[in-house]
Amino acid sequence: MTAGFQLGVIESLALSVASSVAIVICNKALISTLGFPFATTLTSWHLMVTFCTLHVAQRLRFFEAKAIDGQTVVLFGLLNGTSIGLLNLSLGFNSIGFYQMTKLAIIPFTVLLETIFLKKRFSETIKFSLLILLLGVGIASVTDLKLNFLGSILSGLAIATTCVGQILTNTIQRKLKVSSTQLLYQSAPYQSAILFTTGPFVDQLLTSRSVFAHKYTFPVVGFIVLSCLIAVSVNFSTFLVIGTTSPVTYQVLGHLKTCLVLSFGYTLLRDPFTARNILGILVAIFGMALYSYFSVREGRKKAAGDALPVSQMPDKETEPLLASAAKDGGDAKKANGVAHDC
């Protein structure tokens with residue numbers, strides 16, 4: 001990089017949590033209080049502003065743009081944009097409880113895909129901690145489970161596209177040696193384009209109202225602008241967290257955000273809060289703590305196993321001498337006709 005900075009894992013996790021909670025509170029005020037229900041169209045504006053912000057940052061040399069295979073970027077951008085639209089449709093055609101179950105299903109489905117296609121191994125302790133986490137979030141957030149055929153199909157497609165998109169976010173950054181900022185900069189226009197063209201139709205289908213006929217008062221416009229600015233941080237931190245950790249860790253972080261949003265909703269907005277919510281949040285936090293502990297412990301074990309002791313490393317100057325001595329010893333054995341068993 002010519003100029004710029006890199007956030008560490010802890011900083012990126014903190015940025016992701018703070019920005020996500022902030023945008024949820026902002027969007028809740030925009031949608032519930034000010035009556036602007038066009039979530040898909042709003043997301044397309046988020047991505048458009050994110051791209052424009054990154055373009056300015058790139059011009060100011062905060063990061064270097066890196067060329068990525070065009071087909072890869074287009075397909076990746078369209079896939080991520082589609083997953084956002086499907087999640088919104090899933091929320092529209094299902095009960096809130098079933099939608100929360102859809103979000104919970106993303107973690108086990110991601111684990112399954114990474115195990116099958118990427119040959120990644122998850123220890124029993126990691127699986128156990130994820131199970132505790134999902135149980136806690138389920139207790140805290142799932143209230144009803146009304147099923148319908150179309151809603152179930154949309155939820156299944158939303159789970160599949162979200163999991164594949166997040167796995168690709170991590171894989172592309174590692175395989176192509178691109179940073180989270182570079183990948184977001186390249187893919188944001190395509191994500192925005194598909195949502196910008198389909199968003200108004202999706203929103204009208206879900207709300208029976210047109211985004212073009214809405215009355216844009218000063219408070220509405222102000223909160224839209226604020227939401228778009230916060231979204232820059234949300235989108236940036238999302239790619240950063242997935243790239244520096246893993247898709248599963250990002251989903252675990254997402255459920256931490258859910259618990260925080262429930263807590264903030266009760267504290268700041270006086271949303272209804274029951275003993276069940278409290279129990280679920282506490283169980284979920286315990287699961288997150290277990291996941292963090294086991295992940296760090298396994299990471300240290302892997303790092304220790306990969307590190308070769310210095311005493312076992314041959315010196316560069318003596319290595320040719322050792323090879324020559326071995327060759328001379330082999331020639332001597334052949335000359336004497338001595339057989340050695342292995």
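A Cβ is built for glycine as well, from the same backbone N, Cα and C atoms used for every other residue.
The structure displayed is predicted, hence computed values, not measured ones.
Marked as domain 'Sugar phosphate transporter' by TrEMBL: 19-292. Marked as transmembrane segment by TrEMBL: 12-31, 43-60, 72-91, 97-118, 125-143, 149-168, 216-242, 276-294.
Sequence-remote contacts of a segment are chain residues at least 6 beyond its ends whose Cβ falls under 8 Å from one of its Cβ atoms, and for the transmembrane segment (125-143) they are 96-97, 100-101, 104, 107-108, 111, 248, 252, 255, 258-259, 262, 276-277, 279-288, 290-291, 293-295, 298. Of the Cβ pairs linking the transmembrane segment (216-242) with the transmembrane segment (72-91) and spaced 6 or more residues apart, fewer than 3 are under 8 Å, so the two regions do not touch. Using the rule of three or more Cβ pairs under 8 Å, pairs at least 6 apart in sequence, the transmembrane segment (149-168) is not in contact with the transmembrane segment (12-31). Residues 39-40, 43, 47, 99, 102, 151, 154-155, 157-158, 161-162, 164-165, 168-169, 172, 176, 183, 186-195, 198-199, 202, 205-206 of the same chain sit 6 or more residues outside the transmembrane segment (72-91) yet have a Cβ under 8 Å from a Cβ within it.
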